[in-house]
Amino acid sequence: MEAAAAAAFASGLCPSTRASLSSSCSSYSSSSLLLLRDKVSLSNCSHCTNVKHSRNFSVRASSSADSVVTLLDYGAGNVRSVRNAIRHLGFDIKDVQTPEDILNADRLIFPGVGAFAPAMEVLNKTGMAEALCSYIEKDRPFLGICLGLQLLFESSEEDGPIKGLGLIPGTIGRFDSSNGFRVPHIGWNALQVTMDSEILEDVGNRHVYFVHSYRAMPSDKNKEWVSSTCHYGDNFIASIRRGNVHAVQFHPEKSGDVGLSVLRRFLNPSSNRTKKADGGKASKLAKRVIACLDVRANDKGDLVVTKGDQYDVREQTKEKEVRNLGKPVELARQYYKDGADEISFLNITGFRDFPLGDLPMLQVLRYTSENVFVPLTVGGGIRDFTDSNGRHYSSLEVASEYFRSGADKISIGSDAVYAAEEYLRTGVKTGKSSLEQISRVYGIQAVVVSIDPRRVYVKNPNDVQLKTIKVSNLGPNGEEYAWYQCTVNGGREGRPIGAYELAKAVEELGAGEILLNCIDCDGQGKGFDIDLVKLISDAVSIPVIASSGAGAVDHFSEVFAKTDASAALAAGIFHRKEVPIQSVKEYLLKENIEVRI
């Protein structure tokens, strides 16, 4: 694992600097390497004009001190969205390079992403833990996000116990999935504000976006810190506030307009004291409506959004052209405005030969994340590969570039199938699969496994050794039973593993969410495969996204009413404007299904 992280670290450096560090990298953890790479790239590589740095550390010269925000980015996960949100609100960014940068900050944002232990390791090794404690104890303006809240507590049970900064009494613990609640806690949930928090004044009864497996619990010892709670199995701490020190468990940079208002009130607390009208009805975790964009190059080389009919994306005409339903960045922005809870990009032709060379798709992510403040998922070609020069790249490096370009979650397809087959064959978790590597560094909440199954009918459930179900609709020859065969390579190759077996295996290997497609229903507009969605959502304790087949608003209510799916995804009906996203949500509300408005 550390070797993979070292490769990811070194890939961003020029050859001379890479050589000079070769002997010193072995003592660093994967997260430490991520921070070290950025520091070295900045300080040692300025003479290398051909190096393309993954982050921009400059602050515009015209910036005044009042418009500068100090950002503590230790190198894990998607912090680009926080940067984009800050810039969207008219502020410039100064990146922390030394502990002194923390002590000298006028306002500090710490968007923690990833696991507790590696983050604390980075903070301790760089001397930033002591600087953070000193800064916060002096009641300086501070905003922690997600892990940036958890690290303020005494300790965490995540791979632990691990000591935290110790500023707030309490231990970070894992959500209990034994009571039927899915872990990670992913989605839009409601807040119960318990004290005047200032930065939460515009939230009211509206949803905000959470994605985490661990949480802090309120107690008598920390109650004076707690400004809001959220209910998910238990009431956990959603935000804290003491004086000028704030921290939130949710992601304001991914919570749409309401999240931007939280950031705005922190960055400029005196600008607008008028509370906005509250039009929300949030009371619990909402069901998510996700817009999916299948992206590929057409025959002219232009990147377009397309949509398949049972995975065939070409028009049924003489020319057989790739179906063109719009430009990806423009469509993503429109769906954000229309109320999509997440945007999912599937790169259906990219990365066949050289994943890190697919600059157009990376640019799509970068441009989209500048103005879209809901979660972005991207999939396609996330795997180990060797280029034409014999240089090996790990799936971790490929995923890291996705995250740096604006993705919040990555989706793994074929590679997860191969990993699951090997795991079921040997019973051994090697830690070498893309699924295991990425979830270990970035957390399981950042990894989605996309399953592409095809229904196979059988007359007798004993005809196969895989999990079968009694189907709602009989097969072509009157068969009452079926199993779901998983496929790879865009549905072109069937594998000897069922969707049920795959889902159970990838959960054990580190998947945090399942995107459940169905080749039989794809593009048909007759509704989701309820039998399949129920089978998988009942089999795992992680969230399941239902996909393939939506053609009307009642298809969404049906899948939520008849299964335990956490979200439903659609593509073609949104692209062709047959069913607007807002119409779906209004219908779900009428059916008493909680959604974000």
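Using the three backbone atoms N, Cα and C, a Cβ is placed for every residue, glycine included.
Feature annotations, courtesy of TrEMBL:
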{"type": "ACT_SITE", "residues": "CYS146", "note": "active site, for GATase activity"}
{"type": "ACT_SITE", "residues": "HIS251", "note": "active site, for GATase activity"}
{"type": "ACT_SITE", "residues": "GLU253", "note": "active site, for GATase activity"}
{"type": "ACT_SITE", "residues": "ASP294", "note": "active site"}
{"type": "ACT_SITE", "residues": "ASP452", "note": "active site"}
{"type": "BINDING", "residues": "CYS146", "note": "L-glutamine binding site"}
{"type": "BINDING", "residues": "GLY381, ASN517", "note": "substrate binding site"}
{"type": "DOMAIN", "residues": "71-265", "note": "domain 'Glutamine amidotransferase'"}
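The structure, with features from TrEMBL marked on it.
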residue	record	Cβ within 10 Å
CYS146	active site, for GATase activity	26
HIS251	active site, for GATase activity	26
GLU253	active site, for GATase activity	30
ASP294	active site	24
GLY381	substrate binding site	24
ASP452	active site	27
ASN517	substrate binding site	28
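Checking Cα-Cα distances from CYS146 (active site, for GATase activity) against the active-site residues (HIS251, GLU253, ASP294, ASP452) with a 10 Å cut-off leaves HIS251, in sequence order.
Predicted-model confidence for the domain 'Glutamine amidotransferase' (71-265) is 95, expressed as mean pLDDT. When the CA atoms are compared, the recorded positions lying within 10 A of ASP452 (active site) are ASN517, out of the candidates HIS251, GLU253, ASP294, GLY381, ASN517. Counting only the Cα atoms, the space from ASN517 (substrate binding site) to HIS251 (active site, for GATase activity) is about 27 angstrom.
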